[in-house]
Amino acid sequence: MGNIDYVVHQVAVPPPQPFLKSLKYSLKETFFPDDPLKRFKNQPTSKRFVLGLQYFFPIFEWAPHYTFHFFKSDIIAGITIASLAIPQGISYAKLANLPPILGLYSSFIPPLIYAMMGSSRDLAVGTVAVGSLLMGSMLSNEVNPNEDPKLFLHLAFTATFFAGILQAALGLFRLGFIVDFLSHATIVGFMGGAATVVCLQQLKSILGLDHFTHAADLVSVMRSVFTQTHQWRWESAVLGFCFIFFLLITRYFSKKQPKFFWVSAMAPLTSVILGSLLVYFTHAEKHGVQVIGELKKGLNPASLTNLVFVSPYMSTAIKTGLIVGIIALAEGIAVGRSFAMYKNYHIDGNKEMIAIGTMNIIGSFTSCYLTTGPFSRSAVNYNAGCKTAASNIIMSIAVMLTLLFLTPLFHYTPLVVLSAIIVSAMLGLIDYEAAIHLWKIDKFDFVVCVSAYIGVVFGSVEIGLVIAVALSVLRLLLFVARPRTFVLGNIPNSVIYRSVEQYPNANHVPGILILEIDAPIYFANASYLRERIARWIDEEEDRIKSTGDTSLQYVIMDMSAVGNIDTSGISMLEEVKKVAERRGLQLVLVNPGSEVMKKLNKSKFQNDIGQKWMYLTVEEAVGACNFMLHTCKTNLKKDEPEGWNNV
């Protein structure tokens with residue numbers, strides 16, 4: 001082998017970049033990964049104005065190309081989702097301890113705003129059960145909705161205002177990645193727990209109870225239910241369970257026969273009509289069946305002057321708005337992205353945040369409370385064949401006509417029917433199949449999911465949310481603080497080196513330990529990596545002693561997956577190098593990335609280790625080390641290997 005020349009490709013240091021240029025690049029990668037300004041390049045001022053208008057108001061982009069064919073599809077979809085939005089809106093407002101009419105108000109103005117500003121064709125805007133419950137429970141901690149309903153109502157508007165401010169700000173400042181901290185497992189557990197709590201809360205109306213706990217945890221609800229068994233009304237219970245059964249049967253039928261999606265979509269409104277007729281003709285309200293009562297006719301009154309900006313209520317409104325705003329944002333964007341994927345088009349998450357935030361800000365000025373894009377309504381919109389966001393406009397017009405002319409018809413609507421509508425919608429959010437899937441794929445994700453669920457059901461919605469976010473952040477920190485390291489071996493009859501754990505047939509290279517670090521090296525993991533590398537060396541030396549192989553001479557560190565490194569990471573490499581030298585070992589680095597090489601060069605570590613001990617591939621590094629093992633003496637380890645041609 002002494003006559004063989006090895007061609008070694010040196011690891012290059014990237015050319016220096018001006019600080020401002022480097023900063024600009026970093027900011028762009030952080031806040032503008034989708035390069036939204038690309039369309040504005042090399043365009044005249046007038047064209048840029050039009051493009052800017054289309055960016056913030058996508059309706060100006062699709063409206064000029066709108067066709068009668070689109071209109072026919074959108075009007076069918078709009079009327080269909082209106083039939084679902086009207087009963088759901090009334091039901092969810094009740095869930096938030098707000099007047100039922102607010103559910104209709106919130107299905108009128110916000111959809112119009114979203115139709116102009118939203119980038120999703122399928123998102124159907126309206127109130128959501130989880131957000132309604134969360135807002136109602138958090139505000140109830142400060143103000144009793146029964147004792148001071150006016151103040152409670154004003155706080156709901158104020159919380160909606162601050163939720164909208166947060167949502168729009170996240171979009172404007174390109175901070176949408178914050179929402180991504182709510183992992184899929186977190187959302188599954190949290191939504192399932194919230195849905196369970198919402199269903200439990202409906203026992204008040206289903207059993208016809210006059211007094212019920214404001215707490216949302218399982219123990220409090222069960223105590224409230226079973227300490228009032230003497231007040232249970234069988235008429236209300238029978239009616240409630242019959243309508244729940246009816247709604248679940250229609251959903252099952254529509255799921256099995258997708259072309260009959262309208263059966264499930266029309267079922268809630270059908271339930272309201274049937275329930276109202278039943279109460280009207282049987283006078284069931286005199287036998288313990290509670291009804292909505294009078295709903296005020298007319299369009300949304302202004303509520304700008306009703307916002308509360310005084311202590312101590314303002315802090316409650318801000319806290320409530322921030323929490324429900326994040327939850328609503330996560331749900332709306334997740335739903336929008338899901339249906340965009342089905343139809344193979346792209347939605348801009350930051351534009352969605354601006355649109356959702358704006359509609360909540362304007363909604364808070366027009367007697368609306370928190371709205372977003374609920375899954376159930378959007379699924380109906382999608383299945384109904386909507387083509388554009390104009391379906392939201394059709395829905396809004398239908399709700400407007402209801403507010404102007406039809407609200408008296410809801411006078412005899414039994415509350416138990418509204419509870420049945422809520423229960424049937426919430427059962428669809430308890431996604432046990434997703435939880436089983438998490439268990440099969442990732443046990444830690446399953447623990448996050450179950451912890452969020454238990455926190456919501458046995459604690460409160462806020463506690464469950466805190467637990468879910470805390471566990472998600474903990475997992476993120478574990479990924480950063482405890483990165484994976486692998487021992488690599490040679491796949492037989494190849495020059496490929498892979499993890500010996502994943503490929504048991506991979507062979508250890510005599511005299512050489514090859515390690516791969518699978519994450520950036522930061523202050524949070526530098527100490528762990530130093531100790532873990534030392535343990536790998538100890539274990540390799542013990543393995544060599546037991547097998548009688550050639551003594552360990554080289555430690556190769558494959559840094560292909562190390563995207564960045566900080567000063568603590570560089571200090572760690574310096575310590576590992578010193579420890580290796582004390583043991584008579586040579587540290588070798590493979591393929592440090594551009595950012596890593598910049599910092600190794602500036603810190604002088606590159607000079608310290610020597611360019612000859614840095615290689616582009618594991619194959620080259622192993623070849624060089626084998627060359628040294630077979631041709632050079634140990635005391636020449638730090639000299640330039642003979643027979644090398646450096647390129």
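Here, residue 1 is simply the first one shown, and the rest follow in order.
Cβ from N, Cα, C; glycine included.
DSSP assignment over the domain 'STAS' (502-625) gives 66 helix, 21 strand, 37 coil. Per TrEMBL, domain 'STAS' is recorded for 502-625.
The feature transmembrane segment is assigned by TrEMBL to 98-117 (among others).
Here the transmembrane segment (151-175) has long-range neighbours at 31-32, 96-99, 102, 135, 138-140, 142-145, 303, 306-309, 313-314, 316-318, 320-322, 324-326, 328-329, 349-365, 367-370, meaning same-chain residues at least 6 beyond its ends whose C-beta is under 8 angstroms from one of its own. Among the features that TrEMBL reports, transmembrane segment is placed at 151-175 (among others).
Residues or ranges marked as transmembrane segment in TrEMBL: 181-200 (among others).
Under the heading transmembrane segment, TrEMBL lists 232-254 (among others).
Taking Cβ pairs closer than 8 Å, the transmembrane segment (260-281) reaches residues 80-81, 83-84, 86-88, 239, 243, 246-247, 250-251, 253-254, 289, 291, 380, 383-384, 409-414, 416-418, 420-421, 424 in its own chain, all 6 or more past its ends. Positions annotated as transmembrane segment by TrEMBL: 260-281 (among others).
TrEMBL lists 322-342 (among others) with the feature transmembrane segment. Within the same chain, residues 118-123, 128, 130-131, 134-135, 138, 159, 162-164, 166-167, 170, 176, 178-179, 182, 187, 190-191, 349, 352-353, 356-357, 360, 370-375, 378-379, 382, 462, 465 sit at least 6 positions outside the transmembrane segment (322-342) and bring their C-beta atoms closer than 8 Å to a C-beta of that stretch.
Under the heading transmembrane segment, TrEMBL lists 354-372 (among others).
Here TrEMBL flags 384-406 (among others) as transmembrane segment. Remote same-chain partners of the transmembrane segment (384-406), defined as residues 6 or more beyond its termini with a Cβ less than 8 Å from a stretch Cβ, comprise 58-59, 62, 66, 69-71, 73-82, 85-86, 89, 104-105, 107-109, 111-112, 114-115, 118, 120-125, 261-262, 265, 297-300.
Same-chain neighbours of the transmembrane segment (412-432): 87-88, 90-92, 94-95, 129-130, 188, 191-192, 194-196, 198-199, 202, 204-206, 208, 236, 239-240, 243-244, 247-248, 251, 268, 271-272, 275-280, 284-285, 289-292, 375-376, counting only residues six or more beyond its ends whose CB sits under 8 Å from a CB of the stretch. What TrEMBL records for 412-432 (among others) is transmembrane segment.
Same-chain neighbours of the transmembrane segment (444-474): 130, 133-134, 137-138, 181-186, 188-190, 192-194, 196-197, 215-219, 323, 327, 434-435, 438, counting only residues six or more beyond its ends whose CB sits under 8 Å from a CB of the stretch. The transmembrane segment annotation in TrEMBL covers 444-474 (among others).
Count of Cβ pairs under 8 Å against the transmembrane segment (98-117): among 181-200, 232-254, 354-372, the largest is for 354-372. Mean pLDDT for the domain 'STAS' (502-625) in this predicted model: 90.
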